[in-house]
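Notes follow once the structure below has been shown.
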């Protein structure tokens with residue numbers, strides 16, 4: 001289990017059910033969760049702490065576009081991308097944009113928590 005100590009995970013997903021299930025799971029591991037229904041909602045209040053758990057396929061601005069925008073603006077938030085539809089090209093693009101993990105939905109709980117631990121450690125370093 002992850003000790004909280006003020007660490008947060010920002011969940012950006014247009015699917016409310018996914019956001020709700022992520023909240024339950026992550027809070028059960030002692031994390032603070034902030035959720036956003038779109039990339040634009042996240043951009044309106046980019047937090048200065050934690051990590052980002054980002055859905056790849058969203059309307060208006062997809063997860064990769066958000067990650068690339070954050071990098072272009074020099075906002076360094078450790079990012080994990082999740083998707084239900086993956087391919088090697090998307091994985092490579094996500095890595096180039098700085099994603100520290102690229103997980104398929106539904107994500108294996110252990111892999112997800114390990115990725116979040118890694119992201120939070122990177123943030124604290």
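Glycine residues also receive a Cβ, built from the backbone N, Cα and C atoms like all the rest.
As annotated by TrEMBL, domain 'Response regulatory' applies to 8-120. What TrEMBL records for 55 is 4-aspartylphosphate.
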*Going by DSSP, how much of the domain 'Response regulatory' (8-120) is helix, how much is strand and how much is coil, in residues?*
50 helix, 24 strand, 39 coil
*Quick one: give me the count of other CB atoms within 10 A of the CB of the residue listed as '4-aspartylphosphate'.*
24
*Would you report the average pLDDT that the model assigns to the domain 'Response regulatory' (8-120)?*
94
